[in-house]
Amino acid sequence: MRIVWKLFGFSRRLLQVEWCHPSESILLFTLVPRLRKAPSVFLLGQRQGLSTMPEIEASVRDSELFSPPSDVRGMRELDRTAFKKTVSIPVLKARKEVVNRLMRALRRVALQRPGIKRVIEDPKDEDSRLIMLDPYRMLTADSFDKAELGVLKELDVSPQLSQYNLELTYENFKSEEILKAVLPEGQDVTSGFSRVGHIAHLNLRDHQLPFKHLIGQVMVDKNPGITSAVNKTSNIDNTYRNFQMEVLCGEENMLTKVRENNYTYEFDFSKVYWNPRLSTEHGRITELLNPGDVLFDVFAGVGPFAIPAARKNCTVFANDLNPESHKWLLHNCKLNKVDQKVKVFNMDGKDFIQGPVREELMLRLGLSAEAKPSVHIVMNLPAKAIEFLSVFRSLLDGQPCSTELLPTVHCYCFSKDSDPAKDVRQQAEAVLGVSLETSSSVHLVRNVAPNKEMLCITFQIPTATLYRNQSLSLQNDQEPPLKRQKTGDPFSGEPQIASDS
């Protein structure tokens with residue numbers, strides 16, 4: 001690192017100041033493009049400024065000193081004994097009774113490394129302790145500043161430094177350090193995952209697959225509470241929203257329990273859809289609801305929208321086509337003590353809208369009470385939910401309700417467009433046959449992949465779309481409205497309430 005700065009021909013200290021002479025500023029910023037090409041040397045952070053040199057150097061130094069041995073490169077089967085390494089650390093000897101006071105004074109120069117004790121016993125003197133110091137900050141006794149030397153003198157501690165051979169083992173390295181040392185140089189390292197109870201859910205790339213079992217073992221070893229690591233082997237199934245997975249390490253048991261926003265959910269992760277990255281979104285929708293509101297959850301999964309809404313004293317109708325999701329939805333309603341507040345259905349989304357949703361809307365929107373609850377419809381099936389909006393066209397008969405009582409839809413979707421908000425609005429407009437330009441909002445949920453966003457478009461269903469007579473009078477030139485299949489029952493699919501059975 002020092003060589004890099006020397007090659008560029010100016011002092012590292014230049015970047016450590018917050019203000020510099022104009023001539024120095026010109027030199028600094030002409031070097032920015034070149035410095036950005038030097039890995040781990042120069043960073044432009046999200047603060048839109050220059051990262052301070054202490055931050056950069058600390059990271060580089062740490063990776064140099066505490067990197068695993070080079071001969072683990074290419075390891076396919078984890079051998080923990082191969083990670084042994086000895087490093088030389090400067091230490092300061094002090095009487096054990098003054099160690100606590102001394103440590104407070106030496107925070108600047110003490111060794112900062114998770115999993116390594118900064119104070120150890122002196123093998124040659126049981127009444128003394130050895131304080132481990134930062135090997136880059138503490139080269140000699142002259143490296144102490146004036147205040148630190150004053151404390152040493154006050155406590156009668158000699159500033160003389162000694163060297164201690166510290167043995168590092170597999171347990172002392174972080175997961176990203178291990179994987180960076182093992183995987184081929186220059187390739188992306190997977191150290192993150194989605195946690196689903198005791199399960200670490202990884203989504204490995206092709207170049208990481210030869211090391212998949214080692215990666216899974218490292219994830220289990222380095223993350224307390226994780227006892228199983230799995231990798232997705234196929235895309236999400238569009239029918240039931242689950243995916244094929246391979247157990248990389250640990251137990252095969254996929255029955256798990258998670259806590260999200262103070263609610264508990266239990267399910268078989270191999271058979272249902274669950275995404276812990278949607279926790280904030282589940283909470284956001286819940287915040288939009290008021291006690292007494294009505295929520296229709298068209299693709300309810302195991303209940304992350306339905307259950308919080310029910311606990312907020314909303315009337316909830318929750319549906320999912322997947323029989324496993326339906327089973328665990330019933331179970332979780334009971335588990336969270338809202339089984340009497342949620343009506344659960346196991347139907348196709350279109351049938352659910354044309355059946356239970358239609359029947360309830362006809363009933364509720366036709367009431368004459370002055371204070372009517374708001375109606376919300378959540379459609380969390382990003383790959384296909386936009387298509388289901390067509391079911392709302394000419395869904396209701398009779399006299400239209402007032403505008404403020406029209407149901408509010410929260411529809412999730414994906415976009416790869418450069419203007420994703422505009423894109424999803426246009427998609428929804430194309431399906432509904434009306435403009436949503438001034439009557440909708442689009443919320444960015446999360447980035448799914450490079451150039452792929454997940455969004456939620458929220459809007460009230462226009463009267464011209466929702467009511468049959470309005471649709472016919474305003475859109476005679478469009479396709480005939482969808483007709484609900486007639487059955488002997490008011491709607492196909494009976495609601496179920498969670499029970500002991």
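Cβ coordinates are placed from backbone N, Cα and C, and glycine is handled just like the others.
The C-beta environment of His282 (S-adenosyl-L-methionine binding site), restricted to residues of the same chain at least 6 apart in sequence and closer than 8 Å, consists of Glu260, Asn261, Pro304, Phe305, Pro308. The secondary structure of His282 (S-adenosyl-L-methionine binding site), as reduced to three states from DSSP, is helical. Taken from Swiss-Prot, the feature S-adenosyl-L-methionine binding site applies to His282, Asp320, Leu321, Asp348, Gly349, Asn380, supported by sequence analysis.
The region 'Disordered' annotation in Swiss-Prot covers 474-501.
Asp348 (S-adenosyl-L-methionine binding site): 17 other CB atoms within 10 A of its CB, across all protein chains.
Residues within less than 8 Å, Cβ to Cβ, of Asn380 (S-adenosyl-L-methionine binding site) and separated from it by at least 6 positions along the same chain comprise Leu278, Asp297, Val298, Phe299, Gly301, Phe305, Tyr412.
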